[in-house]
Amino acid sequence: MTRRPVAAHDRQLRRAASIGDLRALARRRLPRMVFDYIDGAAGEEHTARRNRTAFQRVLLKPEVLVDVSTRSTATRLFGQDVAMPVVVGPTGLNGAAWESGDLCLARGAARANIPFVMSTAATVGLPEMDAAAGRLRWFQLYMLKDKGLAREFLQQIARYEFGVLQLTVDTAVGGRRNRDIRNGFTLPFRWTVANLLDGARHGRWAFQMARQGVPSLKVFADLLGSAARGSTISEVMQQQISASLTWNDIAWLRDQWQGTLVLKGLIAPAHARLAREVGADGVVVSNHGGRQLDGAGSTIEALPAFCDAAHDDLTVLVDSGFRTGSDIAKALALGAHGVQLGRATLYGLAAKGEPGVARALEILRHELETTMALCGARTVAEMRGKCTMAPAHDVLHEPALASSDM
C-alpha cells in the first residue's frame with residue numbers, strides 16, 4: 001500500500017516548520033517523565049546547552065553569482081550511497097515515545113534513503129527490526145563484560161546483515177540525569193502517584209502504552225533470557241556493560257567483526273590516531289548529546305581539530321545538538337562527512353510516530369539544501385571550508401539558552 005506523503009497526512013505536521021515545532025508537539029503529547037527522558041541531559045545540562053550555543057561560533061560564508069540550479073545532497077558513507085549526509089542515530093527506549101518506536105525510526109530512515117542505527121537498548125528485537133529496516137542498517141554496540149556472550153551477539157548482528165557496527169565508548173558509567181532522578185524515570189516504568197496522574201492526562205499516549213504493553217529492553221532480553229527479566233535498564237547496564245573498556249578491547253572487537261567498525265564517543269584529536277591504529281573505519285565525534293559528562297565541550301567546537309587529526313583516513317561523523325539543516329551544513333564545512341541525529345528525529349517520533357520522523361527528515365533536507373545553495377555549494381563536497389569560526393567570547397558568554405532551545 002502506498003503511504004500518503006507527510007503534507008497530506010496531518011495538519012499539525014504540515015504546519016511544523018522546524019524541529020523546534022516538532023519538539024513542541026512532542027512535549028504536549030508525552031507525559032513529563034517520558035519527554036524529560038528524551039529532552040534532558042546530565043547534571044545541570046551545561047554541555048547540552050553549549051552544544052546548541054556553540055553553533056553561533058560557526059559563521060557560514062554566503063556565495064553569490066554561482067549557478068546552483070542543479071544541486072544534490074547525495075553522498076557516500078562507508079561505500080554506501082545515501083540521499084543526504086545524515087544518519088538516524090542510536091537511541092534507547094524508543095517504545096516509550098511511540099508504539100514500536102524503533103521500527104518507525106527505521107522505516108523513516110529507509111524511505112529517506114539514509115542509514116538507521118539500531119541501539120542495543122532498543123525495545124524491539126532483531127527479527128522485528130529485520131523486517132522493517134532498509135539496506136542501510138547499522139548497529140550500535142555496548143561492550144559486554146562476557147566476551148563469549150559478546151562474540152555470540154556479534155554473530156547475531158552479522159546474521160541480520162548490519163553492515164556497520166558502532167561501538168559506544170563513552171559510557172563507562174551512566175551519566176547522572178537530574179530530570180530522570182526527579183521524575184523517577186526508569187524502564188520498566190516505576191509508577192508513582194504523580195506519574196500515574198500525568199500519564200492519565202495524556203490519553204493517546206496512555207492508550208498506546210496499554211495496547212503495546214510496557215516497553216522492555218527486547219534486544220537484551222533476547223540475548224540474556226531470564227537474566228534480564230524484571231531488571232531495570234540501569235540494572236541491566238550495570239550488570240552487563242563493561243566499565244573497563246580500553247583500546248585493547250577495541251582491538252579484540254576488530255578481530256571479531258568483519259564489517260565496518262565505527263567508534264562513537266571520541267572527541268580528543270589524539271584519539272583519531274589511536275582509532276586508526278586499532279583498525280577503526282570511522283568515528284562519531286560525540287559527547288552523547290550532553291547526557292554523560294556535564295561540563296564537557298561541544299562537539300562542533302571540537303570538530304575542526306579532530307578532522308585535521310583524522311587526515312582523511314577515517315570517515316568522521318558528528319552528533320550532539322544538531323537541530324537544523326544549517327547546523328548540518330556547518331559540520332560539513334568544518335570537515336565532517338556526515339551528521340548523526342538523536343533528539344531531532346525523536347521529537348518527530350514522539351509527536352506523530354512514523355509520519356513525524358518523515359517530517360523531521362524532510363525539514364532537515366530542505367534546510368540543508370537551501371543552506372548549500374546560498375553558500376554556492378552544488379554538492380556536499382563543495383560545502384567544505386565554507387565557514388569561519390568566531391572567537392568563543394563573542395557568543396559563549398551570552399545568557400544560557402532556554403530549555404526549549406536545547
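Backbone N, Cα and C define each Cβ position, glycine as well.
Note that TrEMBL annotation is computational and uncurated.
Per TrEMBL, these features apply:
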- HIS288: active site, proton acceptor (ACT_SITE)
- TYR37, TYR142, ARG177, HIS288, ARG291: glyoxylate binding site (BINDING)
- 90-92, SER119, GLN140, THR168, LYS264, SER286, 319-323, 342-343: FMN binding site (BINDING)
- 11-393: domain 'FMN hydroxy acid dehydrogenase' (DOMAIN)
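Taking the features listed in TrEMBL, we show where each one sits on the structure.
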| residue | record | Cβ contacts under 8 Å, 6 or more apart |
| --- | --- | --- |
| PRO90 | FMN binding site | VAL117, MET118, SER119, THR120, GLN140, GLN166, THR168, LYS264 |
| GLY92 | FMN binding site | SER119, THR120, ALA121, ALA122, LEU217, ILE233 |
| ARG177 | glyoxylate binding site | TYR37, GLY40, ALA41, ALA42, ARG291 |
| HIS288 | active site, proton acceptor | ASP170, THR171, GLY175, GLY265, SER320 |
| ASP319 | FMN binding site | GLY89, VAL284, VAL285, SER286, GLY289, THR299, VAL339, GLN340, LEU341, GLY342 |
| GLY321 | FMN binding site | ALA48, ASN51, ARG52, ALA54, PHE55, GLY289, GLY290, SER298, THR299, ILE300, ASP327 |
| ARG323 | FMN binding site | SER18, ILE19, GLY20, ARG52, ARG343, ALA344 |
Among TYR37, TYR142, ARG177, HIS288, ARG291, which the record lists as binding glyoxylate, how far apart in Å are the two most distant Cα atoms? 20
Residues near TYR142 (glyoxylate binding site) by Cβ (under 8 Å) yet at least 6 apart in sequence within the same chain, in sequence order, are THR120, LEU167, THR168, THR171, MET237, GLN240, ILE241, SER242
Out of GLN140, LYS264, ARG343, give me whichever of these binding-site residues has the highest number of other Cβ atoms within 10 Å. ARG343
Restricting to the domain 'FMN hydroxy acid dehydrogenase' (11-393), report the mean pLDDT as a whole number. 95
By a three-class reduction of DSSP, HIS288 (active site, proton acceptor) is assigned helix
